[in-house]
Amino acid sequence: ASLTNWAWHLTYYNLQGLVVSPAAMLSCVLLHWGPILDTVRGGMGLPTAITAMDWLRALLLRRGAPVEGKWRAAPAAELTAYALQMLAPKITAGSKVALQDPWDVHYLLLYSNQLLHVLIDEALIACAALSTLDPAGRPAPSPAGED
């Protein structure tokens, strides 16, 4: 139990010092702004990505997230362009922003994890809500067999 406690605290304090990068914000937008399968298969319109980045940055700043200095106030289009450069090995951008290979979704997950410590309440609520659904997205039957 003390090893688990130590590991939890180490992770917690590590995350507290983590600076949120533009790549983390764009990864989060691509993974969570719309249906993930649509984003992975067809991409997200660049104007939608820019709007979502601006909204997410404002939310993160209101929560006191440590956003990299220049990116706290830069225009959303510039913020998004820089994030696209950071993710360039795996992301293509034109009129749409998309993964080059749908199997690279884990790449976005690694970056978006930088936001967990800021958005933990929403993450826990989403996990709890999703746990009530079966794999097809329908409400799961109650354990007691009652609905």
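These residue numbers are counts, starting from 1, taken along the chain as shown.
Cβ from N, Cα, C; glycine included.
Some features that TrEMBL has for this protein:
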{"type": "TRANSMEM", "residues": "12-34", "note": "transmembrane segment"}
{"type": "DOMAIN", "residues": "18-131", "note": "domain 'GPAT/DHAPAT C-terminal'"}
Secondary structure split (DSSP) over the domain 'GPAT/DHAPAT C-terminal' (18-131) reads 75 helix, 11 strand, 28 coil
Mean pLDDT for the domain 'GPAT/DHAPAT C-terminal' (18-131), as a whole number? 86
